[in-house]
Amino acid sequence: MNYKIAVLPGDGIGPEVIEQTLLVLEKVGQKFGHSFQCQKLLAGGCAIDATGSPLPEETLEACKKSDAVLLGAVGGPKWDNLPGDKRPEAGLLGLRGGLGLFANLRPALLNKELRDACPLRPDIIGESLDIMVVRELTGGIYFGARGKRDGKMGQEAYDTETYSVGEVERIARLAFEIARQRSKKVTSVDKANVLESSRLWREVVTRVARDYPDITLEHMYVDNAAMQLVRNPKQFDVIVTTNMFGDILSDEASMITGSIGMLPSASLGEGAFGLYEPIHGSAPDIAGQDKANPLATILSAAMMLRYTMKLEEEARAIEAAVNQVLEEGYRTGDIMSPGKKLVGTSEMGRLVVERI
Ligand code: ATP
Ligand code: MG
């Protein structure tokens with residue numbers, strides 16, 4: 001098959017980790033007989049320098065015409081003093097909005113080779129950890145009415161959380177579909193003991209669950225979920241939650257794996273289209289030094305093959321190659337430990353390509 005991928009290398013280590021990922025995709029294409037047409041486009045700081053805008057019209061249009069978007073990372077100190085809506089990060093928000101991406105998928109996957117990096121006790125993590133956080137991305141308190149007004153105790157500021165049945169339904173459905181391909185458990189996280197929007201959330205998720213009798217559904221209050229993630233993370237398979245709770249819990253879940261350079265993410269909308277990127281930023285402190293870990297971006301490409309192209313075997317081939325390289329003891333600086341072999345960005349990429 002033929003696939004069109006819009007590639008946004010971005011800033012800092014973005015272009016370095018993307019370069020290795022494109023080599024991996026090329027190898028997968030050769031091995032399985034696919035053609036991945038990758039079109040590189042400007043977004044972020046590099047786009048500001050070249051065009052004045054963090055998200056040029058041409059980039060957004062090309063992304064819309066593609067099957068998927070693969071992004072490195074955007075931003076850096078050079079652009080930090082620009083006003084909020086002119087910054088590289090604003091380009092990313094515009095991209096998510098412009099592409100109608102309503103779900104953010106963040107796997108918190110602790111590779112058993114990297115158990116040392118996990119801040120939790122070995123008896124808590126066991127063999128490994130594998131949690132998928134599904135966060136609603138376009139609704140809730142981050143998009144509700146906000147403002148300032150006079151109040152009895154001086155000026156007040158307010159934000160409001162609104163969720164509609166349709167918004168909850170589509171994210172719940174996605175979470176159940178994902179759970180079907182995993183360990184068949186969904187934990188829906190809310191604050192239904194306090195918030196009206198959470199009560200609607202819980203009601204709708206419960207209703208959607210009837211279409212998925214093979215999946216176990218559990219409801220949990222967000223404060224308890226935050227605690228359970230460090231107390232007993234093995235109880236979780238798929239966590240589905242609101243925009244704000246998901247923002248917080250996905251950071252917590254990914255950090256219990258201790259490896260920022262290892263974790264991919266996906267943002268999905270209706271249909272198969274998606275945007276795939278590592279969770280880490282542009283890491284200006286190590287940019288241009290061949291030190292960045294490319295595995296988070298390489299694993300993001302594996303998610304792209306799985307969720308957009310439905311190429312499960314190809315996705316697994318990448319993940320297996322990554323596991324093999326780690327098992328053989330190769331490490332970039334961020335995941336280095338005594339007795340292992342230190343390699344740079346391009347060597348790590350080459351090793352993965354070779355093992356596919
Ligand atoms: P952002 O605001 O874009 O998230 P940030 O400064 O908060 O950026 P990162 O850019 O992710 O966060 O960097 C945080 C730290 O993690 C830095 O010290 C960086 O060098 C390190 N880091 C991030 N990504 C990687 C990677 N792929 N490989 C190695 N180290 C990384
Ligand atoms: Mg950050």
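Note: Cβ is positioned from N, Cα and C throughout, glycine not excepted.
TrEMBL lists 76-89, 281-293 with the feature NAD(+) binding site. Other C-beta atoms found within 10 angstroms of the C-beta of A287 (NAD(+) binding site) number 17, with every protein chain shown included.
Taking a C-beta cut-off of under 8 angstroms and a sequence separation of 6 or more, R135 (substrate binding site) has the following same-chain neighbours: A103, N104, L105, R106, T241, T242, N243, F245, G246, D247, L249, S250. In three-state terms derived from DSSP, R135 (substrate binding site) belongs to an extended strand segment. The substrate binding site annotation in TrEMBL covers R96, R106, R135, D223.
Within its own chain, D223 (substrate binding site) has K191 as residues 6 or more apart in sequence whose C-beta sits under 8 angstroms from its own. Marked as Mg(2+) binding site by TrEMBL: D223, D247, D251.
In the predicted model, residues of the domain 'Isopropylmalate dehydrogenase-like' (4-352) average a pLDDT of 95. According to TrEMBL, the domain 'Isopropylmalate dehydrogenase-like' annotation covers 4-352.
The annotation site 'Important for catalysis' is assigned in TrEMBL to Y142 (among others). For Y142 (site 'Important for catalysis'), the same-chain residues 6+ apart in sequence whose C-beta sits under 8 angstroms from its C-beta are N243, M244, D247.
Residues annotated as site 'Important for catalysis' in TrEMBL: K191 (among others). Reduced to three states, the DSSP call for K191 (site 'Important for catalysis') is coil.
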Pairwise CA distance, R96 (substrate binding site) versus K291 (NAD(+) binding site), rounded so that it is a whole Å: 29
Binding-site residues listed as G76, G84, P88, least Cβ neighbours within 10 Å: G84
Count of other CB atoms lying within 10 Å of the CB belonging to D80 (NAD(+) binding site): 12
Contacting binding-site residues for ligand 1, chosen from G84, P88, D251, A283 when the Cβ sits under 6 angstroms of any of its atoms: A283
Assigned conformation of G76 (NAD(+) binding site) - DSSP reduced to three states: coil
Env. residues of Mg(2+) site, Cβ within 8 Å of mean position of D223, D247, D251 Cβ: V222, A226, M244, F245, G246, I248, L249, S250, E252
Residues satisfying Cβ distance under 8 Å from K291 (NAD(+) binding site), sequence separation of at least 6: T332, G333, G344, T345
